[in-house]
């Protein structure tokens, strides 16, 4: 029976580095004895309707690690990489009392998994290199991670340099626009708005645009926790920061310009209204995310 199980797992591994498993396969090849091999299982939810962007990102790292093991010279039948998707093995999730994804677990050759056999994804992250270190601690199998080359960054940089170079060449007879303070100020503000609204966090974590409650169909654009956000939330914060900044600019214009007093008074009131209204809105969002914040 053991030889048949190992032979079957090796055959699947020859086709695909990560073996997909349903409930029956999991119970037969991972849970049931006899076993003389370790199994790394990724419990995940990759179906589009689950909207688990973290699952997709973790799966990419998991595939890199599994491919590094599959095509290394040290590859053997002592370690196998598998995956259980919630929509293909919901009974496995229920059996293990698992209510979150993604989760990585190591099932040793003998005995039941211990606490250390569950990867601490929240503290360490899901990079392939970190997973490899954890696997080495649990199985004594050392995997050197090989990543496929990614030229997207180089291509984007080359296109940007070409675009800027072409623009400078076309405007070579009139380069006064380079010294335009307003243009540089607008570019700097765009960068500031993007960074302070959490666009970099979105790029790294890949959160959903919004959340729709499956029970009542209500759509939430603001995440209720200070530890996460939605893409729509970052767009809202960006617009609020831009409106507040516009109000400050109008206030400054009203105070420093030498135009008609009535016109300056109107500009001052508009600027003050923008600052008061949108900053109050920004504070209300802050209060909804940082529960117990005492000030209005």
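Any Cβ shown, glycine's included, is placed from N, Cα and C.
Record features (TrEMBL):
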- 151-170: transmembrane segment (TRANSMEM)
- 182-201: transmembrane segment (TRANSMEM)
- 236-254: transmembrane segment (TRANSMEM)
- 266-286: transmembrane segment (TRANSMEM)
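If one looks beyond the transmembrane segment (266-286) by at least 6 residues along the same chain, the residues whose Cβ comes under 8 Å of a Cβ in the stretch are 222, 233, 236-237, 240-241, 243-244, 246-251, 253-255, 257, 293, 295-296. Taking Cβ pairs closer than 8 Å, the transmembrane segment (182-201) reaches residues 207, 229, 233-235, 237-238, 241-242, 245 in its own chain, all 6 or more past its ends.
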